[in-house]
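Inspection log for the structure reproduced underneath, given as structure tokens.
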Amino acid sequence: MPPSPPRPPKFPGSGRPESPNWGVWVMVLLIVGVLAFGFFTPESFGLGPRKENLESFEAQYKAGRVVLNDPKAPVEVVLSENGSEGVIHALVYRKEIQPKVEMTPFALTYSMSLPDRDKPLLNELSGYRVVESPYRTEEGKNVSLIPEGAQKLSVPEFNRLALEGRIAGGKDGIILAEDGNQNVLVGQIVTRIWPAATGDASVDKQRFERVEVPFTLEFQGDRVKQLLGPDTKFKRESGSWGGILLNLLPIVLILVILFFMFRAQSGGARGAMSFGKSRARLISPDKNKVTFKDVAGISEAKEEVWELVEFLRNPEKFRDLGATIPRGVLMVGAPGTGKTLLARAIAGESNASFYSISGSDFVEMFVGVGASRVRDMFEQAKRTAPSLIFIDEIDAVGRQRGYGMGGGNDEREQTLNALLVEMDGFENNSNVIVIAATNRADILDPALLRPGRFDRQVVVNLPDVRGREQILQVHARKVKMAPGVSFERIARGTSGFSGAQLANLVNEAALLAARKGLKEITEAELEEARDKVSWGRERRSLAINERGRRITAVHEAGHAICLLKTPHSEPLHRVTIVPRGGALGMTMWLPSDDKMHQLRSEMLDQLVVAMGGRCAEQIVFGDVTSGATGDIKSATNLARRMVCEFGMSEKLGLIEYGEHQGEVYIARDLGTRSRNYSESTAELIDSEVRFLVDSAYERAMAILTENRDKLDILTEALMEFETLEGSQVMDILEYGEMKNPPARVTPPPMPSEVEEQPGKDDSGHNEKKEAEETRADGAEERKMEEELEQAERAPFSYNPVDEFGKDGGEKK
């Protein structure tokens, strides 16, 4: 009976579509509600009562615009709980509503002996006229000023009408007459007839509006009582449940918001309340399209990890033989060699749950968080077993314990202890396989590397020439590549490139082709991209005068001739005097294959090639420049390694001198470095290094002196064409001329140099024709200048002080 396949895991997004996060929306709405409640009131939108001061309300009260006798909307005075403040709630007529006015005569008789508080409030009137008698003489008869049918008023009634503004003021409206010990007031009572409430809310809203009049009881209480009458009742705010709930509403909203915030943050893997939760991400095969077909150049590493995939697919094949799958696989290699890509391919090929996490995700500022995340990660992996856990950059958490400035009680060490226990502790987690990647395996803790934890170490090296060719072919599938492109040639010229650098090379070639307007990527774009990735972009805009270009041409010609005349050197690929990166010129060679070993004779020829530029300057100019700084440095380093590391000195023998400069790791190297040889040995080392460099200089001088005519021809060719291929340089050395000279390549214009299409302007001038005439004149002038220059150049003399300072530095 065939074994049943493992249960496929449940990946995110494989089931029903996720429902929207209602908690987040509720939280947002609650926040908006609290802000609206705190910063906005109904009055802000014109929905609540209108606020008025006491003076304005008093004026409306006297004008009769305050509704007084409506039982549905009575005038109320509400005091605060402490009784120091109050608010008048009233209904008033809008300004556009005008009443119908009727006049009724009145008469008031009162004793002059009354106290002032009981006398009429004449000050509330706008004016009155005083006469001596309540009678007037008409046709010889005394006629009373009190009209017939006049309403008799008492003093309180008069005062009330005066406060309500219902006494018609003015000198002609009120007459005050003295009658013995009595005073008589005669005037008109104003009766305003307002439109009554209809009961229709829309109609009444157009007639009335509510107002609130705040006042202080201590200073304005008596005035309010006098205005509204002595029978005015003051009531305090009631502590009803509605008011209490209204006051508690902001607090309740804030608590609800905090609840949803903590719930939302604790629900995610990166929530603020989930410090101890694992940040491992479950990789879905629907989203991960990388397979082993996308991984090239590391065949041995693919075979090592393929066993994991095969075991997960068919475990009985291994169990029948008693074999167990490795508990952990550690992938070690330089940056960019494809360790993470290999892990993604495992995730794409296997049917098991695949968790991915970075080593830095375990370490936080809080104590115990890292260990808690390790335990939670393995708990998740056990629930979906069989499963794979990929830890990228494990050196962030797996450094050797007991070292460093933090001592032995570091938070990172607690995390590492938890990881060690989970991988191979008291409990058996055979269904959880850990895959880790690092480029610093030398600093990992030994307990992490022992069998039972990381049983297998897979070394992912830099690809060889065949591997680089395969990697280029993989990345070329993603772009439009022209037919006939030799990936083998590009692979030979990219020795030491990692997979990531090769991917970047193909992408740069695609960008160059797009910049040139090409439909396909040719080999020329790949080579140009290779040069750009290795040494930088061409700097044709660098301002170099004719003398500086000639110095560079002589220097590079010396390198090229020495490269071709030394038997153990690599084949010449290209010579250029176009500035690129930090160099003013460059001589490039193309290795036939990757060399795992280097002979002493090959190193000696490298020293000769390095000295070729300085020797050419000495031969042609009779002096030297500072342009050979990098050559001298590289030659000195190579010669010192030959003496101190490779044992290629007869006088010093097969002994390594000097401490090996490995990876700097503070937990293993806290002291200062010291030499392991004496001063006399140091002098002998220096003499041997000097001997190797001087011997190479003499060989280079002899080669260039013998080929002086070829040096001049190659220099002139570089001055004319700027860049020469290796075959063209070989033609010059063999035949004295090039059989297939290169075409003059015009570099593409910079974006800032792109001008508008020439044409005719408004004045009728033909700009295109004028531009062509200007270019022709300029070409003729340049030709005349070159002829004069050639006449002055024979014989050529050069003084380095003109171009460089006396100390050899570049002239500013």
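Keep in mind that glycine also has a Cβ here, set from the backbone N, Cα and C atoms.
Record note: Swiss-Prot gives His555, His559 as Zn(2+)-binding, and the candidate from Asp594, Asp605, Asp623, Asp631 in that site is Asp631. Among the binding-site residues His555, His559, Asp631, the residue whose Cα lies closest in space to that of Ala334 (ATP binding site) is Asp631. Secondary structure at Asp631 (Zn(2+) binding site), taken from DSSP and collapsed to helix, strand or coil, is helix. With respect to their backbone Cα atoms, Thr337 (ATP binding site) and His559 (Zn(2+) binding site) stand 33 Å from each other. The distance from the Cα of His555 (Zn(2+) binding site) to the Cα of Gly338 (ATP binding site) comes to 39 Å. The Zn(2+) site is defined by His555, His559, Asp631, and by the 8 Å test on Cβ atoms against their centroid, the other residues of the chain that qualify are Glu556, Gly558, Gly585, Thr587, Ala610, Gly612, Gly613, Arg614, Ala616, Gly627, Ala628. It is 31 Å from the Cα atom of Gly333 (ATP binding site) to that of Asp631 (Zn(2+) binding site). In sequence order, Asn439, Ser498, Ala500 are the residues of the chain that are 6 or more apart from Pro335 (ATP binding site) and have a CB within less than 8 Å of its CB.
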